[in-house]
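**Q** Following this message is one structure expressed as structure tokens.
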Amino acid sequence: MKLNNYKYLFGLESEFSINSLFLICSYVLSIFPLLSFGIRSILIAVWVFLGILCLIKSSSFSTIMDKTDKSIIVFLSTSFVLLIFSLWYTENISDGVKRLVQMFPIVLIPIIFYLNKQIFTKQRIDWIANLFCLSVLVFVLYQILWLGFNFDILTNDLSLTEIKRNNLHHLNNINQDQIQQVKIRRLRNFITKLVDSHPIYQGLWMSFVIYFNYHQLKFSVNSVLQKIVRIFIICLMFFWMLLISSRMPLIATFIAGIMTVILFRHYNLKKVFLLCGISFGCFCILLVTLKPMQTRFVEILDNIFILPTKGNDIYNYNSTNVRVGIYYCSGIIAKDNWLFGLGVGDVQENLSKCYDQKIGAEIYQWKDYNSHNQYLFFLISSGIVALFSFCCFLFYCFRKVILLGNSYLFYVLIIICIVMLTENIISRSDGVLFFGLFTSLILLSYKNKTGI
């Protein structure tokens, strides 16, 4: 890239300014997977301050905020405002305030980006997406490198501590499925402790990287080396998603990919069916050959309608039946509080009480389990109006990316909506920043011929 292009990307065409500093902070924000939680908080505070200075410098709010802008901000913030309003009738106000502070960037980041939309041209928006992909690649390579130095995590037999912790019998009497189940937990625990990021969120990030590189392969001019690198990145992301058994992002990747290819007509109908058949065939082969993946999917089939029992034994709980119990209690609470919700501060306390009284499994006492469904969270916290307003904002985003022909942002919105069926993704920093960043790119997106 020529020097003038770099100057343009950083807003240095004439001289260093507040806009340049704001752009640099925006690019740093896009590599949040590599940043610690503390640095993220400081960066967001500095970035917001610079964004406000850019607004003040550019013009008055009266010229920036037209009718359309105001409508978009109302669409974006209504569900969050209703969560704030629920503090009025919640009992645990301190917990409610804590949760709202954690979620605040989903509103703050898109608003600051959007009000400074004159700064973010298409080239700068594309750079943000590319930097995010680069950060995820570095993030995954770092984990693979550490796993290479600690490969015994995958190969070692179960330790006596693991056998006792899971209330298993002697190693000779444990079947292979139980051994694989414990080893999967061992690997996921190692990864989570290493980078302090849950495999679900990693899977969400990697899913976007997979499609983005596919899109660049199909619609951008690439040298032979660039094609090889992009194919390598796609394969690497798939490999890591499979190894860490990130089920829902894998499912979301296939569903969102098929929907995007069909809607944006990347191929004719015959090729789409062929692609679906090949994808399904590859999925089945992986399911048969990769034991960790096979174990996780068999677990779903065996436990999809079963609640965990009262024992503390590995036979009595797994990630699937624990979720069944979560949705069982969430459904009970939602049924009784669908109009106004419990209040954002009382959700966890009532869920924990239901787990104890209605199910009684000891695993629910080990830590707090949230609703594991973003839509249920809004319903239980602030009622049907909050859920409706959140869905309206998602609908607006879908409408915009479809009208603009923006396939990669449509794809990322689909995977977010699918993963939100099984995770409260905007209650943790990894999900909050991902959601905030890409809804910002949707609000900033421009019409273009290639659909990028």
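Glycine is no exception: its Cβ is also placed from the backbone N, Cα and C atoms.
Note that the structure is predicted; figures quoted are calculated from it, not measured.
Straight out of TrEMBL:
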TRANSMEM  16-35  transmembrane segment
TRANSMEM  41-60  transmembrane segment
TRANSMEM  72-90  transmembrane segment
TRANSMEM  96-115  transmembrane segment
TRANSMEM  127-149  transmembrane segment
TRANSMEM  199-216  transmembrane segment
TRANSMEM  228-244  transmembrane segment
DOMAIN    233-391  domain 'O-antigen ligase-related'
TRANSMEM  250-267  transmembrane segment
TRANSMEM  272-290  transmembrane segment
TRANSMEM  375-396  transmembrane segment
TRANSMEM  408-426  transmembrane segment
TRANSMEM  432-448  transmembrane segment
**Q** Against the transmembrane segment (127-149), which of these stretches has the most C-beta pairs under 8 Å: 72-90, 228-244, 432-448?
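**A** Stretch with maximum Cβ contacts: 228-244.
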**Q** Might you confirm whether the transmembrane segment (199-216) is in contact with the transmembrane segment (72-90), defined here as three or more C-beta pairs under 8 A between residues 6 or more apart in sequence?
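**A** They do not touch: fewer than three Cβ pairs between the two stretches lie under 8 Å.
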**Q** Please tell me whether the transmembrane segment (432-448) and the transmembrane segment (16-35) touch - that is, whether there are at least 3 C-beta pairs under 8 Å between them, with each pair 6 or more apart in sequence.
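**A** Contact between the transmembrane segment (16-35) and the transmembrane segment (432-448): present, because at least 3 Cβ pairs are under 8 Å.
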**Q** Near the transmembrane segment (199-216), which same-chain residues lie under 8 Å Cβ to Cβ, leaving out any that are not at least 6 residues past its ends?
**A** 33, 129, 132-133, 136-137, 139-140, 188, 191-192, 222, 230-231, 233-234, 237-238, 240-241, 244-246, 248-250, 252-253, 256-257, 260, 407-408, 411-412, 415-416, 419, 422-423, 425, 428, 430-431, 434, 438, 452
**Q** State, in range form, which of 16-35, 228-244, 250-267, 375-396, 408-426 has the highest count of Cβ pairs under 8 Å to the transmembrane segment (41-60).
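**A** By the under-8 Å Cβ criterion, the transmembrane segment (41-60) pairs most with 16-35.
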**Q** Within the same chain, where does the transmembrane segment (375-396) have neighbours whose Cβ lies under 8 angstroms from its own Cβ atoms, ignoring anything closer than 6 residues to its ends? I mean 6 or more beyond.
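**A** Answer is 72, 75-76, 78-79, 82-83, 85-86, 327, 330, 333-334, 337-344, 347, 350, 413, 417, 420-421, 424, 427.
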**Q** On average, what pLDDT score does this prediction assign to the domain 'O-antigen ligase-related' (233-391)?
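**A** For the domain 'O-antigen ligase-related' (233-391), the model's average pLDDT rounds to 82.
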